[in-house]
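Novice: As annotated in TrEMBL:
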DOMAIN    1-352  domain 'Major facilitator superfamily (MFS) profile'
TRANSMEM  21-38  transmembrane segment
TRANSMEM  44-66  transmembrane segment
TRANSMEM  78-100  transmembrane segment
TRANSMEM  112-130  transmembrane segment
TRANSMEM  166-188  transmembrane segment
TRANSMEM  200-218  transmembrane segment
TRANSMEM  239-257  transmembrane segment
TRANSMEM  263-285  transmembrane segment
TRANSMEM  297-316  transmembrane segment
TRANSMEM  328-348  transmembrane segment
């Protein structure tokens, strides 16, 4: 929660003091949180060290790096944001087995200390290589129009952005997609058990762990993939496709969830239609409100992920408790997927086009006034 709800302040500090200082601080806090957690003697101490310090540190790094990527690559903004978001997820693949081996060989305290030091040092060294793009860096891709991209040359201050309906539409859309995905993630074990597939074998492996493994892979892969697609065909068109895929996959998944093989395969498709929110929304936001305050602006939008994390699990559990059925839970998720896809193509796309035209008109009038 600290990672998301403090993101506007974290983004502002990155924009204000630069990426090297803040990302180094984020890496130091993240590493320190592990080292201090190694010596925690109570649950409260664990919350303060690993929870508070770790949440603040990783929040600075995530928002800061995404903010940098959307500034550096105007023609590959979706792909750049997607690669960063994928790295955030795929990073666990590199460390899971070494950490597991260290836990078995040396215990929890030693492992937390060792990897806290490693993460801190590596993160700080990486942060020292970060810098803002030059002021002459173009804000708009040269072929933006040809690829259906609506990109602004004007930079919006956060307070200006927060007064626009476009931002709040995007906030609602991201909240719905975040909530729907986390409703599924939080209850995978529960409904796999109720569907009778939790311990069934698929390709010689238990269905639930196999599904979760595939989900992690597709959830990471979709971020750069659909980010790249959005650079080619436009953000809203890609949202329609991706969110629609998740809605269709969820519908088929509900119908065939009692079959272990389809449970495993379709779960991967579902998450292939979800993870791209972490590439599509930051790139769309920067296209709309400019690059100067991109990190701060994305910090405000990223709160939607925090809202989704608060709503997702409890909402799914409460709906199941009330109805004693997963059908309603799936139905709500499917409805949010299709509604967000509709909003992207039918509401967000024309709103952003009109926003661009209005800014162009205002710029032309200002130029005439200056000439006069």
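From the backbone N, Cα and C atoms, a Cβ is placed for every residue, glycine too.
Note that TrEMBL annotation is computational and uncurated.
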Novice: As a test of reading the model: what is the averaged pLDDT for the domain 'Major facilitator superfamily (MFS) profile' (1-352)?
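Specialist: Over the domain 'Major facilitator superfamily (MFS) profile' (1-352), the predicted model scores a mean pLDDT of 92.
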Novice: May I ask you to check whether the transmembrane segment (328-348) and the transmembrane segment (21-38) make contact, with contact taken as at least three Cβ pairs under 8 Å and only pairs 6 or more apart in sequence counted?
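Specialist: Not in contact, no.
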Novice: Considering only Cβ pairs within less than 8 angstroms, which of the stretches 200-218, 263-285, 297-316 has the most against the transmembrane segment (78-100)?
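Specialist: By Cβ pairs under 8 Å, 263-285 leads among 200-218, 263-285, 297-316.
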Novice: Please give the sequence-distant neighbours of the transmembrane segment (263-285): residues at least 6 beyond its ends with Cβ less than 8 Å from one of its Cβ atoms.
Specialist: 66-67, 70, 77-82, 85, 88-89, 167, 170, 173-174, 177-178, 180-181, 184, 188, 192, 195, 197, 202, 207, 210-211, 214-215, 217-227, 230-231, 235-236, 238-239, 242-247, 249-250, 252-253, 256-257, 294, 297-298, 301, 304, 337, 348, 352
Novice: May I ask for the residues of the chain that lie six or more residues beyond the transmembrane segment (239-257) and have a Cβ under 8 Å from a Cβ within it?
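Specialist: For the transmembrane segment (239-257), the nonlocal Cβ contacts are 173, 177, 180, 184, 191, 195, 197, 222, 226, 229-230, 263, 266-267, 269-270, 272-274, 276, 280, 326-327, 330, 333-334, 337-338, 340-341, 344-345, 348.
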